[in-house]
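Listed in Swiss-Prot:
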type     : residues : note
SIGNAL   : 1-15     : signal peptide
CARBOHYD : 118      : N-linked glycosylation site
CARBOHYD : 185      : N-linked glycosylation site
REPEAT   : 209-248  : repeat 'PbH1 1'
CARBOHYD : 225      : N-linked glycosylation site
ACT_SITE : 255      : active site, proton donor
DISULFID : 257-274  : disulfide bond
CARBOHYD : 263      : N-linked glycosylation site
CARBOHYD : 275      : N-linked glycosylation site
ACT_SITE : 278      : active site
REPEAT   : 295-316  : repeat 'PbH1 2'
CARBOHYD : 302      : N-linked glycosylation site
REPEAT   : 327-348  : repeat 'PbH1 3'
CARBOHYD : 329      : N-linked glycosylation site
CARBOHYD : 354      : N-linked glycosylation site
CARBOHYD : 366      : N-linked glycosylation site
DISULFID : 392-398  : disulfide bond
REPEAT   : 398-430  : repeat 'PbH1 4'
CARBOHYD : 400      : N-linked glycosylation site
CARBOHYD : 407      : N-linked glycosylation site
């Protein structure tokens, strides 16, 4: 007589789900068919069908590192399951994690993931990226990855803000700070509903990733120390990415709200609220010598930009030993901008370069087919009467840059729009940079 293996027998006879490796202390695996049990642990979600769900133990205190449990849970839930991080619980991550093996997995974050603030450890143990000397606690990769829930991903950034005060990230950064969430070689990754809090550096960085979507995510970086504000805590950044969708976002970070970096294409942004940011920026690109960078096919609509340094911005590097490329086919539509230093900006003298050096070594990034449509609000007056500052590089092609129905005011007087070295006009009256007082 043929006997089924015990795991198959139990599954067939009793519907019991058998873990792929032995359970670790505090863990649980609930079959998708156990509706009542899933409901009891908080694993059901109105938008997503039930799946086999894995839970792990929560941290007992701020020093109780559950990194190995978290990694185990992801491996158990991989290939069709779900990892649940329970509401009201905190899961402390104190070791770097390579999560680039994921395939068809859901992470339901209802509690809080919190990283330790051991600066010495993280600066010695991280994943390093040459681009702007970036590091991260962990990296996510694979395909068909969904992260959703009402929980918090907490970078525990206050100690990093305090230690970093007075230092500079570009170009001479030596004080590396981790990125809160990084994807690398990922395809079809979505994040929905969660809060991302107090990243030490950029909040999100997508690298070599296709089809990334964020919806209804709140990103916030704040300091409890008035002398050490968060720095370089961009909301969203990308490098070598095709296919981006950011919808219904609230971002309050003190740096770029959204800033696609080199070779990001096919971007859709809708219903984004940005407070205290450096704006929705295309770039910077053209930083590295001999490299061609592209940002192309971008549609941004229904965005509110409040109390920021910049509003709608395009930025490209100038100077010796920089690169080249293009920013092409970008639409900013239905944008409200209030109390912002520079509401509309084309900056081709980026980064930290004086006017003499920029004139000697101008940017080689072409800016083409840019539309600013239905833009209204006010500047802060910090740049005088200027509400739009579009100064193109004499060594670049700048054409088909259009302002349509732009109604921006300045508290310093009649609003001025600056434009230089743009071929064919911009659709409205503008003056040369040399004729204005800043």
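Just so it is clear, glycine is given a Cβ too, placed from its N, Cα and C backbone atoms.
Distribution of Swiss-Prot features across the structure.
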| residue | record | Cβ contacts under 8 Å, 6 or more apart |
| --- | --- | --- |
| 118 | N-linked glycosylation site | 94 |
| 185 | N-linked glycosylation site | 100, 141, 142, 207, 208, 209 |
| 255 | active site, proton donor | 230, 231, 232, 233, 234, 235, 277, 278 |
| 257 | disulfide bond | 234, 235, 236, 251, 272, 274, 277, 278, 279, 280, 281, 305, 308 |
| 263 | N-linked glycosylation site | 239, 240, 241, 293, 294, 295 |
| 302 | N-linked glycosylation site | 270, 271, 272, 333, 334 |
| 392 | disulfide bond | 346, 348, 367, 398, 401, 420, 421, 422 |
| 400 | N-linked glycosylation site | 368, 369, 370, 424 |
| 407 | N-linked glycosylation site | 375, 376, 377 |
Counting each residue once, how many in the repeat 'PbH1 4' (398-430) are helix, strand and coil under DSSP? 0 helix, 20 strand, 13 coil
By Cα geometry, the one of the glycosylation sites (225, 275, 329, 354) nearest residue 366 (N-linked glycosylation site) is 329
How many other Cβ atoms sit within 10 Å of the Cβ of residue 329 (N-linked glycosylation site)? 17
Could you pull the average pLDDT for the repeat 'PbH1 3' (327-348)? 99
Quick check for the class: what is the C-alpha distance, in angstrom and rounded, between residue 354 (N-linked glycosylation site) and residue 275 (N-linked glycosylation site)? 28
Given the glycosylation sites 275, 354, and counting only Cβ atoms in the protein chains shown, which has the most within 10 Å of its Cβ? 275
Quick note, residue 275 (N-linked glycosylation site) and residue 329 (N-linked glycosylation site): C-alpha atoms separated, nearest Å, by 26
Using C-alpha atoms only, work out the spacing between residue 329 (N-linked glycosylation site) and residue 225 (N-linked glycosylation site) and round it to an integer in Å. 41
Sequence-ordered list of residues in the chain of residue 225 (N-linked glycosylation site) that lie 6 or more positions away and have a Cβ within less than 8 Å of its Cβ, or none, is 158, 161, 162
Give the number of CB atoms, excluding that of the residue listed as 'active site' itself, located within 10 Å of its CB. 26
List the helix, strand and coil residue totals of the repeat 'PbH1 1' (209-248) as derived from DSSP. 0 helix, 23 strand, 17 coil
What is the total of other Cβ atoms whose distance to the Cβ of residue 366 (N-linked glycosylation site) is within 10 Å? 19
